[in-house]
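Quick look at what Swiss-Prot lists:
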BINDING   THR30, LEU31, GLY32, PRO33, LYS51, ASP87, GLY88, THR89, THR90, THR91, GLY415, ASP495  ATP binding site
Amino acid sequence: MAAKDVKFGNDARIKMLRGVNILADAVKVTLGPKGRNVVLDKSFGSPTITKDGVSVAREIELEDKFENMGAQMVKEVASKANDAAGDGTTTATVLAQSIITEGLKAVAAGMNPMDLKRGIDKAVIAAVEELKKLSVPCSDSKAIAQVGTISANSDSTVGELIAQAMEKVGKEGVITVEEGSGLQDELDVVEGMQFDRGYLSPYFINKPETGSIELESPFILLADKKISNIREMLPVLEAVAKAGKPLLIIAEDVEGEALATLVVNTMRGIVKVAAVKAPGFGDRRKAMLQDIATLTAGTVISEEIGLELEKTTLEDLGQAKRVVINKDTTIIIDGVGDEAAIQGRVAQIRQQIEDATSDYDKEKLQERVAKLAGGVAVIKVGAATEVEMKEKKARVEDALHATRAAVEEGVVAGGGVALIRAAHAIAGLKGDNEDQNVGIKVALRAMESPLRQIVVNAGEEASVIANKVKAGEGSFGYNAYTEEYGDMIAMGILDPTKVTRSALQYAASIAGLMITTECMVTDLPRDDKGADMGAGGMGGMGGMGGMM
């Protein structure tokens, strides 16, 4: 086991604070509408230019191991805020730096670290309650666009795109961000249920100009089995032919004689059929077939529950207004499923999302909710160069997370104003003893730091503006972009409540741990020079290298 380097008390805290400051100073230059860029060197390819706090934090690794521990703990603040709300990483870092700096000063002055931490925690709990009171719902497109714009560093086109996407696919819909091929940002919306399975035979194509199959008001047969024997299918095919409607078959697979017969029937015009494989694999396929059944008011024909293909009637088939199939995807538009049944299914999947442990499962379940609830929107980001593309894509993703958070918990006045109002509302809070009171003051002072940093980055005098904002009330604040005072909500400067709340909670959590640190342990750097020159197996002669 390697020898350890151990530092105690003030020595440890000074080193840790130095690491905190290096990381926080690098991150906080990006805060606000006039925040600066940070250039990150990459071991291959061109450097990355970013204004995203968490991207900067992730790149920082310090040589001094004690300093690095401080930096890594603050990096954790940014990561946690990012995971919880997808934004607010820079705000969280600025808050953490302020609480740690002020807290360690108090520890150096002889305060009890545990009481300081209790005071900080008390203040944060009270401030979070105040933020909830200040929060207003974010329901209309205008507010959503404003939140997106602020999070994308005042890029209004991004805010508008996100608002349009949310309008099209609903608040629950899946919105993905991809790299586009042109200079302009684009929005593609896929309405209805789409899954990644195309036609099983090109002979089903009835729209040769687009290479796709379009079925109007089709019946939909859902089978959780391979279909290879056409005899099983005959009763259904005859019933569908009599009804004079097309048929879409979604099954584990359709092969051999069954597929050949379906193709021949389609080409002769006896019955219009298309067949696709069911989406997903294993249990996920069963669940997705059930989703489609709910959406189209059909029944999944599965031998597990005693249903056989030969006995299938038109009542067992689902229906939709339209189905479009190409070689890779199938889209079911306007299924006739009962709205209450669809909502019930969505609620059931939501419960599974809460119980899911892996991110992959959560993502897949979220996709299923979106497909049932509305549709999928794809924002294609346009840019002139690859470097700009990466930077912009990261900003759009941030903005998307922020708007989701805003829809979830509402919005508060942006520009650091909400924290100042929350701090003012709890200014009379008292702890159990004097040290806790100091902890409360540390937290209250830290809540001013985001506003101060936004102002500093805009090249203005922080104290003057902070005092003027503190003297105001409600959503009165300072717009660093236009350099004027006014009602932040009216000016469209909004922050999602969830983002502000998460930033404060995670910053206080990690800062509290760091203030109460008394000892730090790390590996001593290994000095291999002397050992290498020693005589291998001769126990006490390891130092012979020095005699040369």
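Each residue, glycine too, has its Cβ placed from N, Cα and C.
The shown structure was predicted, so the numbers you read here are calculated from the model rather than taken from an experiment.
Summary for the binding-site residues GLY32, GLY88, GLY415: the Cβ-based neighbour count within 10 Å is maximal at GLY88. Farthest C-alpha pair in the ATP-binding residues THR30, LEU31, GLY32, PRO33, LYS51, ASP87, GLY88, THR89, THR90, THR91, GLY415, ASP495: 17 Å apart.
Figure note: comparing Cβ neighbours within 10 Å for the binding-site residues THR30, THR90, the maximum is reached by THR90.
According to DSSP, THR90 (ATP binding site) is assigned to a helical segment.
For LYS51 (ATP binding site), other Cβ atoms within 10 Å of its Cβ number 21.
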